Amino acid sequence: MVLGNLSGVSEFRLLGFSEISHLHPLLFVVLLSVYILTLMANTVIAFIINSDNTLHTPMYFFLTQLSCLDICYLSVIIPAILENLMVGTVSISKTRCAMQMFFFLFFGVAECFLLAAMSLDRYFAVCYPLHYTTVMNSRVCRSLVAGTYICGTAVGLVHTLITFSSPLCGSAINHFFCEIQPLLDLLCGNTFPSEIQVIVVAVFAILSPFLLIIYSYIRIISTILQMASAESQQKAFSTCSSHLLVVTLFYGTAGSMYLRPKYSYCASVDKFLSLSYSVVTPLLNPVIYSLRNKEVKAALRKKWRKI
């Protein structure tokens, strides 16, 4: 690492998985396979929903948006990882690094708020079924999705501008892409204000939508338990279980990454967590929603018979 004030630095070095260089070929094959499978799975989900009129409901509208976000989110990360695995340490310009951070945050935060919007949709569907179609109309759904993108843009711009306008005392990033946490290690002097900034934004971008999800599911579970028949309870639980599983996977890994102090950082652990929520979760989302959803499976079978 180059010491001294490098605020005028024009490029960074991404160290990637340099500590396990002997596993690079295996990791390359695995991650490339995961990338292709994720693109195919999410594309199929989006195509099936858009081509089947029975799935043109708010829940599946949000699911289409989730599939598109997962494709974009993964496409920001995987090419950088594959490049790193092919050539080892990668040099990346400051501009490209800043763009990588912005789009990673943009798509990641947008997904956080989209999952909250999906929980709101389930809340009205279960707790207020008679008013559901009126409350969750197409205008409201589009507004909620627009709001997720606005939040993603705001968080991405704030983090990126503050991080890259701060003086730097190093150019080697111990990660496989331009993540916030390893970049904090390169800041000169007192990094406490930057750490507080990360936690404050994480509270807004991760904790606040997560609390909305928790509140929605408390009300949903309370309503389900009051239903008279076991069949109604099972049907209501089945419509929510897939979303709840996705939320647990995404928020569990993302929260453990950003909602903790800097002294607890560990490069190898952070890389594993980053892979979990940026690579594994987008692959599991379409699997969870298709395998656990009777309507999606029925639409897939119908489309397959036509083909």
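Heads up, the Cβ atoms here are built off N, Cα and C, so glycines get one too.
Residues or ranges marked as transmembrane segment in TrEMBL: 26-48 (among others). Within its own chain, the transmembrane segment (26-48) has Cβ neighbours under 8 Å at 17, 20, 55, 63-64, 67-68, 70-71, 74, 78, 81-82, 85-86, 279-280, 282-283, 285-287, 289-290, 296, 299-300, 303, counting only residues six or more beyond its boundaries.
Confidence across the domain 'G-protein coupled receptors family 1 profile' (41-289), taken as the mean pLDDT and rounded to a whole number, stands at 82. According to TrEMBL, the domain 'G-protein coupled receptors family 1 profile' annotation covers 41-289.
The transmembrane segment annotation in TrEMBL covers 60-82 (among others).
Positions annotated as transmembrane segment by TrEMBL: 102-120 (among others).
Taken from TrEMBL, the feature transmembrane segment covers 140-162 (among others).
Tertiary proximity for the transmembrane segment (196-218) is limited to same-chain residues at least six positions away from its ends with a CB under 8 Å from its CB atoms, namely 108-109, 112-113, 115-116, 119-120, 122-123, 151, 155, 158-159, 162, 180-181, 184, 240, 244, 247, 251, 254-255, 258-259, 261. The transmembrane segment feature in TrEMBL is assigned to 196-218 (among others).
Annotation comment: TrEMBL describes 239-260 (among others) as transmembrane segment.
Residues or ranges marked as transmembrane segment in TrEMBL: 272-291 (among others). Long-range contacts of the transmembrane segment (272-291) within the same chain, counting only residues at least 6 positions beyond its ends with a Cβ under 8 Å from a Cβ of the stretch, are 31, 34-35, 37-38, 41-42, 44-45, 63, 66-67, 70-71, 73-74, 77-78, 81, 104, 108, 175-177, 179, 242, 245-246, 249-250, 253-254, 256-257, 297, 300.
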Distant-in-sequence neighbours of the transmembrane segment (102-120), which means Cβ under 8 A and at least six residues beyond its ends: 59, 62-63, 65-66, 69-70, 72-73, 76-77, 144-145, 147-149, 151-153, 155-157, 159-160, 177-180, 205-206, 209-210, 212-213, 216-217, 243, 246-247, 250-251, 254, 277-278
